[in-house]
């Protein structure tokens, strides 16, 4: 059917808006975490506003279209009598008023999804019927000029509620002191008494739908967002939307620079004056005595300013950790704390635990230690990380690199599914790389079998880089399978051995696997936990290959365009494909062509002089760093050429132009690498300092 002339098509334009709203609430419904009270209430408030607009739309159609058509045709009935909009609005009000805890939220969510799906199934065909049935009838019973007039009135009525010009006028009025005074002058009690009257006459910014408000908020900086969060409860919830807090720069914010876009100029070092000012601030802050009197301290004006800035930075960091990141942490992609005067290892540890999806982390020249990465002690808990800068972090040792490598996860296999193994030694610091095969005689065991059989003998990790692993001393491990839809509380697991849990099974795996040489290890994998990191990344895939020069027999891995097959390096047992199933951890997923772990592109350990060869080799575990292009090891005084060679062999994408290490080390690609960057540097470790 040919489309009707735009001038007399009374349904298409309003229906476009209604269909857009349907798409928006379907998308929000699929992304809402119903266990989170803030997400739950934000969804209901958005749905309530959406369905109020649906009701307004149908009231306009009844008055200006259907009502007129009924006057000229006796065959037209009340087409909006069974739309159930009032029932849906009552459902949302009930959820906002009566649902009090997580259990009730989850039960309500099931009912909500069913009701929304039923409504959507009816609402979309209803609009199609109006366009295909009633529009031709309008063309039959009304003249061209009459239809033009009807459409003009319909559009005008819709715009009287959500007209862009009116909204812009509301935004303009919002900036006037007179309107602000009018908004704030009423007390809470007076507001509640006059709420109905105000809502009837107001068409300002408070009536904007949430998606429009989020679009407006996206243009604001963090300081402005914090101010907006104090306007109302609705705005407070909207300003805690994750998309508004993707990039964090607390150090710059504390100094008045409120930039919050993507990280830029990644390789550019600040000038000497900027670094000196940051060091002066840090020194003044750490030497400052909080109990000292003004007369006693006798600080200069410059020192007072430095202390004030450092104090501001500390307060800002505490505010982020306690008031912002618990809500938006999973959405944070960039965190830059370079040259921070006040950040501590504890703060970094808390931030990293709340931000499992970080892609860019810059801790340049901060006073952190290995403990800052304690929250990264779990396999794959930050496997999206692409940029890590620890330049000048002099307290960092191999321990931190072990945690970092573990957090990057395990390289995904592109050809077959793998099953993760675990042993009883959870505190092990080395990874033992072993592929596993399924036993065909016994695949599943109930929970009580776990208490009757040993998990496996403890594997010696004292010399993990020189001692080959023998399969003779390794018994069959168990892999715990948890139903992701029925996770138990961690405290409940204490009683698991005393009762039967139907949703938990253990899978027994074979133990006849070994590597032809030393250097292939895998990390103990512990069970699922309630942490955000575990819930998102516990299903990291198995090793794709070891990536060490020990097992590569001199092969120049970094010159290859693709990663070699594991069979080319190690004699391993044949892998057994696992069937797809919701109770199995299956790694041959639909997204197997895209790596989900070990995607690091940039790594700088410049000035981390306590790093040794062991730390470099730890980075080669789990498949190495196949995407790494930039590696800065300037000032790492104790590493050797052998350790560098082992790391380089696991970094096939490394660019010599961005490969830096000490000039005194006879390492790989000595003729093409860029050498040391810390020569004559006043604030980074270097073997030639003082020359």
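Heads up, the Cβ atoms here are built off N, Cα and C, so glycines get one too.
Copied over from Swiss-Prot, here are the features:
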REGION    1-159  region 'Hemerythrin-like'
BINDING   15, 57, 61, 130  Fe(3+) 1 binding site
BINDING   58, 61, 80, 126, 130  Fe(3+) 2 binding site
DOMAIN    202-248  domain 'F-box'
REPEAT    340-364  repeat 'LRR 1'
REPEAT    365-392  repeat 'LRR 2'
REPEAT    393-418  repeat 'LRR 3'
REPEAT    479-508  repeat 'LRR 4'
REPEAT    576-607  repeat 'LRR 5'
REPEAT    608-635  repeat 'LRR 6'
REPEAT    636-661  repeat 'LRR 7'
BINDING   662, 676, 686, 687  [2Fe-2S] cluster binding site
Residue 61 (Fe(3+) 1 binding site) to residue 662 ([2Fe-2S] cluster binding site) - Cα separation in whole Å:
76
If I restrict to non-local contacts, at least six residues apart, and a C-beta distance under 8 angstroms, what lies near residue 15 (Fe(3+) 1 binding site) in its own chain?
127, 130, 131
Separation of alpha carbons, residue 57 (Fe(3+) 1 binding site) and residue 662 ([2Fe-2S] cluster binding site) (Å):
71
Distance between residue 57 (Fe(3+) 1 binding site) and residue 126 (Fe(3+) 2 binding site) at the Cα atoms, whole Å?
13
Distance between residue 126 (Fe(3+) 2 binding site) and residue 676 ([2Fe-2S] cluster binding site) at the Cα atoms, whole Å?
70
Pop the Cα-Cα gap between residue 676 ([2Fe-2S] cluster binding site) and residue 58 (Fe(3+) 2 binding site) into the table, whole Å please.
71
Counting each residue once, how many in the repeat 'LRR 7' (636-661) are helix, strand and coil under DSSP?
12 helix, 3 strand, 11 coil
Name them in sequence order: residues not among 15, 57, 61, 130 whose Cβ is within 8 Å of the mean position of the Cβ atoms defining the Fe(3+) 1 site.
11, 14, 18, 58, 60, 65, 127
Give the three-state DSSP assignment (helix, strand or coil) for residue 57 (Fe(3+) 1 binding site).
helix
Pick out which of the binding-site residues 57, 126 has the most other Cβ atoms within 10 Å of its own Cβ.
57
So, by DSSP, how many helix, strand and coil residues make up the domain 'F-box' (202-248)?
27 helix, 2 strand, 18 coil
The one of 58, 61, 130 whose CB sees the fewest other CB atoms within 10 Å, among these binding-site residues:
58
Tally every other Cβ atom lying within 10 Å of the Cβ atom of residue 662 ([2Fe-2S] cluster binding site).
21
The repeat 'LRR 6' (608-635), counted residue by residue under DSSP: helix, strand, coil:
9 helix, 4 strand, 15 coil
